[in-house]
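Asker: The following block contains the structure, expressed as structure tokens.
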Amino acid sequence: MEAVTSPQQESNGPIIRGCQWLKSLPNKFCDKTTEIARRTKKLGQDDPRRIVHSLKVGLAITLVSLFYYFKPLYDGFGNSAMWAVLTVVVVLEFSVGATLGKGLNRMLATLVAAALGFGAHRLATLSGRKGEPILVATFVFIIAGITTFMRFFPKVKARYDYGMMIFLLTFCLVSVSGYRDDQVLEMAHERFSTILVGSCASLIVCICVCPVWIGEDLHKSVAANIAKLANFLQAFGDEYFKESEESNENNKSYLQGYRTVLTSKSSEETMVNFARWEPGHGPFGYRHPWKMYLKVGNLTRDCAYKVEALNSYLNSKIQAPAEIRGKIQVPCKRVSVECSLALKEMASTFRKMVLTRSAVMHIENSKKAAEELKSLLKTSLWEEADLLEMIPAASVASLLLEIIGCIEKISEAVNELGKAASFRKINATVLPEQQDSIQQDSNNTAIVPVPHCVIVVAE
């Protein structure tokens, strides 16, 4: 039998719920504050450069704000000094390359647009008071149409899109406002001067105070992506051919790390565009071949797609029987391990900017294991097996064979980039039995701690 509630109890319900909500509000506020503090701490610990960049932005804005605080500086620019502050807010980016790109684009676009806007205004005034608005509107229409269409060109959009936008904005501001304001030249001069001050302040702070080089980040990112594929292939053999259901935690992280490689295309293209603005710094000299990083990145992603297909067979509902997998276990695991070692060698030498052929040995070993795997697939071991049971194992073997070709292309692209970028050359020839990595001493001499090796070093 259902309980009967009185109208007074029903009316007290919202009041009681409101009181309970008010009582829990302090606890919710404390929990939310703790969560925000925890996320803030993690954000700073993940990359301490973010904290430094925040301080750099505050420093640059404070320096430019002096134009308002000191009367002699304010008298020179007037209210136009605010453009310098706005320029710092817009131009000062996280990396040197991004700041240089935006700063130079803004300065050059403002200079050209101010000159053209002043010229359009002077030409329009020659036609008289009635013809001036018609000519100004015509100039604005033509410049706006041409500038907007030029932004569709891929190369222009990649490097000069921000400059084209500022160019159009400044031209319209100078040419159109000149119809009501006679001090067009003074306005154009003040705008360019304040933007020049703001851009220079941003560049000085960005380069001189704990600079963040986007080219260095790009170099490390490409090397890290290669290493992620190596980690996957290292763990794949043990995970696919495992005899027990227990799984290693390290293998789980290795098997998931490759996913970020699949979505790295846009970030790499952005970093390449910004890196091309940066001057020579550290091991990255003038005219460093930044565009060649895109080739290495594309080949790495092609390999990552093969790895993703390989990963799908780990958790697939249709699995080959253990007996069939056991027949190809030895050559498959050997291919996987040798490919992993080759990628690790490439990632290590690429990160250190060393030009060596140490990964070729592992590629050759993987090819030998691939020949063994191919011959095994052609034998009569499969005649008694069901076709549906054989397909998953054969697909895994086929993907491993394709990955060898991808790794060989990555190795060629890395060597090509190393030659163009003048990486340090260390040629080492090691007997096939030696599979340990080659170390270097302070004199760039190859040292292998394992005996019975023949090493030839050419500097």
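Yeah, the Cβs are placed from backbone N, Cα and C, and that goes for glycine too.
Under the heading transmembrane segment, TrEMBL lists 51-70, 82-101, 108-128, 134-153, 160-180, 192-214.
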Asker: With pairs 6 or more apart in sequence, are the transmembrane segment (82-101) and the transmembrane segment (51-70) linked by at least 3 Cβ pairs under 8 Å?
Answerer: yes
Asker: Output the single range from 51-70, 160-180, 192-214 maximising the number of Cβ pairs under 8 Å to the transmembrane segment (108-128).
Answerer: 160-180
Asker: Which residues of the same chain, at least 6 past either end of the transmembrane segment (160-180), have a Cβ under 8 Å from a Cβ in it?
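Answerer: Same-chain contacts beyond the ends: 101-102, 104-106, 108-110, 112-114, 116-118, 120-121, 124, 132-133, 136, 139-140, 143-144, 147-148, 150-151, 187-188, 191.
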